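Single-structure report; data block below.
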């Protein structure tokens, strides 16, 4: 009985560890890549399917994936998507190519982009420059954040030295964090769980909010990294931005259900199965056609959906739209004299959420972050159980605005005050360096474990990838159609100015900079609304068509139409008979500027300016044309490399080890290993299934090897080794999920039949999630869907006139169907049953085995000659195919 109890306990422990290893949140994996060298020397490759799991919320600079091939780093990088998928970024071939929203992305951030605007002067909330503080901060940057290859090497040495001592501390920290860091998932505590964060998260938020004080990248692109995500839009509970390690509770939908809504097909990107792309494009919500003008205002009308339950809200989410109201036009003096005129239009949810998101702390101008917003809720203090101070690897793509928590302790109080000013809503002042309560003391493992245990899920960082939105009252455009940066920064609007008078959006001089391009409020509002509601930017094609088709041609507030010299000459003439601008007392306090600070034409009211422009256009109508602002280069996602890019990788024939790694500040480095196989255009491939073909059964073949039990068919390793010795390449194709790549790859390396191992070959798995693959293979029993897509893609890498697949091994009729669809001759399709009986599809009555087929390897799989492209000059007429064809049926009546 003791033996039985010990065995049962061992099985339970092993299964528990196995379950932890296949947790969907940690399912990182990499599917092997096949590169085929063509006859002309060019290259073609299969898609790079790489997935990272449980990385939390990342900022754009931390979404860069480094690649190492055969132990050497290559000058090639990937980017991380919202669902953990990795992809390459390439420029579109056509300048105005229309891209689907799920393919649109931004370029990979590089180190140079973060050093462009270092010399930008800091501005106080009142608008005064502080050169002394700017110089102090630039000095800190020069001494603290600029890193060289030698410093990177030192960090690697320290990291290796620290790695051995940190393992024990990580286990203790994660165990202690589960007791102290409590994340609630009940419906009553949802709001409190999102609002009440520890002092660690508060410090991280403050650090993240202060980063735009130092740097504003000049290159912004109007396309985000968002794709069809299963995460549904919920009403935000807090007005402050989420930190880099913040979790959001999703009680309405479990992890299993949310994962089942994702579909990731071969060669594509993850998509939501709730609403397909076609349904999204064909679905027309109940909205009214809106003609934008200078007097167009935007107001959110609260609908009855707020009172619907969580379940009913999911069903009605598609029909919930924001109504845009166009009020009657009024004079500028009336608008600006009443600061609360626009505030009355804005409902409380809009004030606390939308406006704060428009002026998100990560994307405010320099002066807007001098003090924290007053609406930010004080965060509760949480004592950190871990005193661990790790040295993480710093990615070369993280710009100088990244600062490590250990470095914060060494900052002087004056410099630290620039990063972390006192919050207005916090009761009492907090002393700056608290050695034991700093946010970095808590290990990231504890946060991840708490999320996995409590049912929470780390949000994708589509919200963290919002653009840099800046407001200014500079007004107008120069003759070349662009606004100078100095003029824009001179009249920038701070948070306090906007908070005191939200009616600034009605000011005709308001200019909004998004993606380094300048808009007025009528055009910027839909873009900001899309970012807030859907966490996605409007596609470039939509913005361009909106500018071309919807923009009024006779409006003084649309600044995307080029002013000709004749227009600029007529404007001063028409201004001579006009009244002067209203006095400064009628304007809001935030819009008052020193004398001579603005051009004369910007002091006129909106009605006067529009009338003047309309008169000038009426006198001399000139056909206008859109003016492109900033860079017109767009970028799209890709899973394949071009021939030139593959040539730079310097692959050698056969397997090449590849490692994909991503480094974050708070979670260290996550690595994912795979193999790139370089084959020739005339190679012959043997396809082999895994579950039920190499193993004795489908289900037990995945479980028993993890328990140490050999569940492999006898003689298969020897057979495959003999076939490989004759010059054939092996391809292992299974419908398992990408998250089981490491487990499956380890099993193939583990198989050993009396010293004979399986030949190495690419492992082709389904890129979908674990539960989707399990549902397709076990419940639907249609694994051939994936196999046909995958094998057809591999087949297309070779010459069109060649058939790369020579033979195939499987265990089900589904496998036979898939192999037949990709062109494998049925005389070389073999299936095996759980008893180990091998059956040839052409002669099903003749049963054999792996051992017997090994004796006929030289005949069935003859040695491939290097001078020939196949085993025989005419393989279709060999003695194993042609002479074994059935005798054709002949109608005796026709012979008589």
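Cβ coordinates come from backbone N, Cα and C, glycine included.
In Swiss-Prot, the motif 'LXXIL motif' annotation falls on 700-704 of the listed ranges 680-684, 695-699, 700-704, 705-709.
Swiss-Prot assigns the feature motif 'Nuclear localization signal' to one of the listed ranges (135-140, 141-146, 153-158, 165-170), namely 153-158.
Check Swiss-Prot against the ranges 420-459, 460-499, 500-539 and you find region 'Disordered' recorded for 420-459. Of the residues 60, 303, 661, 768, Swiss-Prot records the annotation phosphoserine for 303.
The phosphoserine entry in Swiss-Prot, when matched to the candidates 224, 293, 566, corresponds to 566. According to Swiss-Prot, the listed position annotated as phosphoserine out of 106, 766 is 106. Swiss-Prot marks one residue of 243, 258, 638 with the annotation phosphoserine, and that residue is 243.
When other Cβ atoms within 10 Å of the Cβ of residue 106 (phosphoserine) are tallied across all protein chains shown, the result is 22. Mean pLDDT across the region 'N-LIP' (1-108) comes to 76 in this model. Residue counts of the motif 'DXDXT motif' (689-693) by helix, strand and coil are 0 helix, 0 strand, 5 coil (DSSP-based).
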